[in-house]
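Taking it in order: structure first as structure tokens, then the write-up.
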């Protein structure tokens, strides 16, 4: 047979460390559909443990989202694009299309006949007067005409009537009109049509920003002509043109025009000496009919006057064609174009929005083509500035928004346009500014009404609504920025103060409505309680929304601390309601009321902790501070109900438990999962309770911890009774049900320990953070000891079924003949252990497997010890085989570090067994020497119990004798009836075979004392070599002298001779000098000394029997004293 020296349990090596306590949040294994339903709110009755804990899970689930501060929501945001250009700038002046005509009819709701009549009236009316508004902004990249590399440019511009417009003739060189060049074929240009800009010195990129108005006689044929010149004369065309404003009459104007023409020489006609003439830099010819309806704002490329001219650069112009006089009914009534545009835009906006979906909030004011054209025509012809147009669009749209919702991004864009143009123009006529201020006031009032109903119109759970709120707040912020710009302030107070007041009012209205719905005051207190719990939960969720969603918007945009404002207000309101209700319900306390008050307090405590979690906030200033006081009776009653319900729940779980693993991955049954879950829920509930008063918290926590300990022990007792009633399989060495029970006990032990550690309560200012309170720590330790004891009891019950088999295999080893090899003799035992441990590994968690291994190890050691005691006078090979067996079992149970630690295996009974095996191989004298060595190693556990003996000992080498002086004793045992003793001391040397000729000596008897003084010196003639032998010692035995009976044993002490003075070398081994006293503690022999004695008892030789006989007589004395 192959050797089994290296047998290691493959099972032990593959033990997987599985945590035996896992928190399960899912439904309990044996729970039925009732668990998932909300339990009734009535008083809890016996047998309702399932419903009670289901309700408690709902309470805990409600608190899961209340840990710490809520994270701000990530809102869905989209940038609002800028409004599109009102018209295509390339369309220019044209007649309205049929579609646009139909659009006008739709806007004003006119019939075909009414429209034709209006057209006829317009045709008969006087034609309007047109004016071209030209803004010369700047030029760039002009030619350098001066020696310094720059030019001194200025612009000359005017309107060319149809008769003065340049005409092209075939076969002639192309030539353009120029102000400085007379034309023989056309009449002179009227001087009133010419304007000139300032001269910009030494630049090729001049900036003018000058504005001019020109009357237009015929929009179809007139042209705008512009020349750019480099100024060279001190007095030139520019100054002459400015004098045109002083001309009165046609003759004067003709004279000045001649002066202009004279000074405006043709470019290049003067000789080189005429350096004072102005140089041509470029020109522009723009037909009036090409100016777009909405005006033109762009760069124009400069053109040459003729093909021989060399020019470069561009000129930036802003052109707008407006009307100054119109023969209309509104003009006749004195209405301005501003008011006319406002009325027109209102009608167009109302008409256009009407075709969209009803109550649509996404419309951004996109107008149709006809509507846009009509508004552009009217705005341009009314000469409305960009600021006026922006103000008009804001006024009309903001008023329209109050009737039909628009996109707030569109309104914000309108405000930004007003702001941008306001910064440029910086003023409006007073009437228009008052109108704008009124629109701001109306919109702000409308916004404040919405903010009062914030939760209805902008719910925090709707990201689109929250984004609309953000845009609304930005609109209000823009209004606040306009406030100092108005001469007539539209707001009586600061807008953010009005917003804060509106929010407060809205909070109160929302709370009152909620209170009337959930918990009307006219209802009786018990009926109101459930509604108030629901109200408190809604308020907590609302405060979370305020902090996570609304607070950042209001503070970031308007600098309004919305969260603090809302929290303070709602917290005060709900606290007042809770104080009143608890005072009303205190005399009516019952289980139903206590349950409701307990749940209400949890929410109020969560609210208070919510405030405390925010940095820089303290809960002492809250109305909820001290709210726990009236809830204390209800909490105590509810915890009592919890204790009873926990027991009922555990009873029900054990009743339906089949003592089988809940699944393949778990090794415990359903009742253990239920018990651990109940303990975990109780601990979580205590954490949520977080009772603030340290003294009251200690009382509640202590009681709850005791209840949890009681419930845990109650569960193990139920398991024991359950398994006792189960029929066991006949002949089954490993019971699967016992394994499940053992796993259940371990799971509950770990679950209860973890749950109890979570019950730590505050111990006031003197308590150390992180240190468990002493009562709780004592409770944890006591419960752990009880459950460990229970686990060991189940382990012993489990391993007891293997005792007979183990003894059988150990006996097989003891009876094996010497011809069989040691490994073959041990093989059956190791094979049996391997099979059983494989089953145990599949059924037990690691902690319990270690317990079983320790129990089996102890069983094996005891079985081997019994086998040794049953076999006397056997060969040395017998003991050698068991020594081999012992080492093989150590290697098997250690399993290369996967099993039990070596220090645990080689402790306790192992040391005793190993010592016996070693002594069995020793001779009689070696055993006797070991007996005395054990005495020298023995230490008194209770040093003062048997007293002390002081002696002095040294070796006199010259005389070859040992001097032993007994000085005195103290604190001896009182062995007589009078409470004293009559002590004397026996002095002898041992072992006997080292000192065969030396007889023992004794001191005198000291009567009636426990502190005798002897001062007696004894000499023993012995060689020094004998004193140095192994085990050589002086044995002092203190006896109580009795006159009428045998002497009583009082104690003994041993002193090794190898270390006394005279035996050892000087200063080596700590040798004692002559005269130095030694105090020895008296003791009685213990088991470790008796092992050698047992070995000697089994010997039949004379020396062993005489030694044992002498010791037996001493033992009789000791037994008589006990």
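Using N, Cα and C of the backbone, Cβ positions are placed for all residues, glycine too.
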Feature region 'Disordered' in TrEMBL, mapped to one of the ranges 19-47, 48-76: 19-47
Listed range which TrEMBL flags as region 'Disordered', given the options 118-140, 141-163, 164-186: 164-186
Average model confidence [pLDDT] within the domain 'C2' (111-270): 69
Secondary structure content, the domain 'MHD1' (598-719) (per DSSP, counts of residues): 92 helix, 0 strand, 30 coil
